[in-house]
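Q: I have a structure here, written as structure tokens, and I will follow up with some questions on it.
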Amino acid sequence: MTTTLSPPRVVPEATTRVRQSLAERVAPYAYIAPFFVLFAIFGLVPLLFTFYVALFDWNPIGEHVFIGFDNFTRLFGDARFWNAAWNTISIWLLSTVPQLLVALVLAHLLNHARLRLAVFFRMSMLVPYITSVAATTIVFAQLFDRDYGLLNWLLGFVGVGPIDFLQSVWGSHTMIAVMVTWRWFGYTTLLYLASLQAVPRTIYEAAAVDGAGAWKQFRHISVPSLRPVIVFTIVTSTIGGLQIFTEPLLVSNAAPLTCGPVRQCQTLTLFLYEQGFGQFQFGYGAAIGVALFVLIIAVATLNYVLSTRIRPERG
Amino acid sequence: MKLRTATPIVLAAALVLTTAACGGGGPAQPSGDGKSFEFWSFSGINQKRTVEDYKKINPSVEVKLTEVGSSTETAQSLTTALAGGKVPDLVLIQGDNLPQFVQQPQNFQDLRQYGADKIKGDYLDWVISQSTAKSGEIIGIPTDVGGMAVAYRTDLFKEAGLPTDRDEVSKLWPTWDAFIETGKKYTAATGKAFVDNAGTSVFYQAVNQGPQKYHDPSGNVVYATSPQVKTAFELAIKSIQAGITAKQSSFEENWIAGMSKGDYAVVSAPSWLLGQIRDYAPDTKGKWDIATIPGGAGNWGGSYLAIPKGAANPKAAWEYISTMQSPQNQLAHFLDVGSLPTTPSVYQDPKLLAEKDPFFSDAPIGKIYTDSLLGLKPFLIGPDSAAIGQEFLNAITNVEQGKGDPATAWDTALANIKTAIGK
């Protein structure tokens, strides 16, 4: 294929144009095809198959009995499912809200014109993000440990003590939320920072000349210009938050699949894993997967609707 | 983002998909070259040692041993492999995980084809019957049984003013109630916890001492009405209320740390736990001793060797089983590592009866553990047994951690079991 700007004169111009525009029309689809082919094989087919399995009492090494929607009926009457749903939402709120607020403030500070070693500080934000989740979890589990934890050791000095974080609902949720926040705040900060860098520095300078302090600059320049990316991070953290898995799995090594004796920090994905791969009720596990899928679609739609309603008012 | 959204579901589904693609029986089985086989074991049971011993007898055979993880993880990996992956030639299955596999015998080689029915008389009746399917297939050969005893710290007992001699200590607790009373004395004298936890050290032991656990002899679940279960549960709650437990969940890091630090003076020790104590707390050598379990006979644990249906080298795997699980080699393994044989013909062997363990103050472990099995009334283990046991344990742990109400714990446990297993 040549990309000559002047086609050979012997060929009628019209024919060449038709041929080129056909190629032009096909080309984009060819370029994006690999993703959709891969998605169909590794995403769509398994997804549809999950819906199918959810209709069975499916023993992985035995019989597959068709039971219709019984798995779903059972699921909605299962207190463990609602407990897991509540835990997931609670951990998500406890981790997302502080994470986004911290990231907002940090991004504003890192964007400051007179910050020395700016690149060093900006890059160091990524360190928690690139650390392995397992490593992070082990370190935090030790910090929060009842008997030998640093946190309880420090609390001992002020006469508080020892708190068994893992055994209580709020304690375990907080502990996991701290880990999630720790891992993601740097990533979010850099997203905000990238967006802030697009804001012309002259606006800040003009505001400073007009007598606006750091807080006013933050409120009236940084936050409004970040609105689209804030919406984006809320959506992504919602999706990520509904799928929290590794942290609750690893904090409780005595009863990992339930995250504690009374499932105090068992999330939806962990419940799915427990039923599917712990108890080998593949059909029931698949039903949980379907419920989770529907939930994520619902929340994502809600987010979309909200984010199109709340448009940044510039001016 | 889209792809990440669906990742866990996709992953689960993909695994399920492979199940569908490869489920069902394979073609006629090859017998392999007889020169090598792949062996999945779980950690903490020291199968490396047995494999090394086998290589001395059969140097030409190559054994690829993989320690998959805990016994539960090994059973999970086996299930996934049976459902659609590459299966090992030989696998070690822990007793509690066995029933779900025995219920689906089509996934395993029927060991009768290699002559298992001719040697089954070598093994304890009630042990081999657990690996025999309803239709008669023998899918596993038992490698060891638990047997029960109590390991205690002589140095800590001395500090508390309790006797340290193992016979006198055994006399302190003929019953579980007496065990709890002894605990109270220890805790009053030292201010420290007596036993590691109520769930595994009291409930799991007491519930395994009787003719009927979670199922009646015809296989119906009776966990809610079985007096044996209720009594064991109440004993566990009682020990928590007596304030003698260290609240350390078994096999967790702090439980391991507490073993050398003396956070608890007593731990219920089925024979396979002795190796773990030696490994986890090497610097406490000589400070431990072994006394009898309150309430007499019982069994916790034990494992089986099985050959999956799709094994590439079943012959070599069977060679290994029949050689290493012969009564003489089980005895040799016991003398080496301490796992109790499943072959009663060696129970009177002078070598077994004379075996003393220096780590445990020269306790005659052979005699103590075989005695704990002799009066045993076998009970049925069903496919739901592990799940039922786990829910009872969770309810007890919750009370122990100060969150659950002792008065309602039993009802909570029953309700949770009903949700979990649906009956």
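The backbone N, Cα and C atoms fix where each Cβ goes, glycine too.
Residues or ranges marked as transmembrane segment in TrEMBL: A:29-55, A:84-107, A:119-144, A:150-170, A:226-245, A:282-306. Annotated domain 'ABC transmembrane type-1' per TrEMBL: A:85-303, in sequence order.
Looking at the shown structure, what environment does each listed feature sit in?
A: Counting same-chain residues at least six beyond the ends of the transmembrane segment (A:29-55), those with a Cβ under 8 angstroms from any Cβ of the stretch are 66-69, 71-72, 282-283, 286-287, 289-290, 293.
Residues 125, 169, 173-174, 176-178, 180-181, 184-186, 188-193, 196, 218, 222-223, 226, 230, 233-234, 237-238, 241-242, 244, 248, 263-268, 270-271, 295 of the same chain sit 6 or more residues outside the transmembrane segment (A:84-107) yet have a Cβ under 8 Å from a Cβ within it.
Proximity of distant same-chain residues to the transmembrane segment (A:282-306), defined by a Cβ-Cβ separation under 8 Å and at least 6 residues beyond the stretch ends, is recorded for 47, 50-51, 53-60, 67, 71-72, 74-75, 81, 85, 231, 234-235, 238-239, 242-243, 268-269, 271-273, 275-276.
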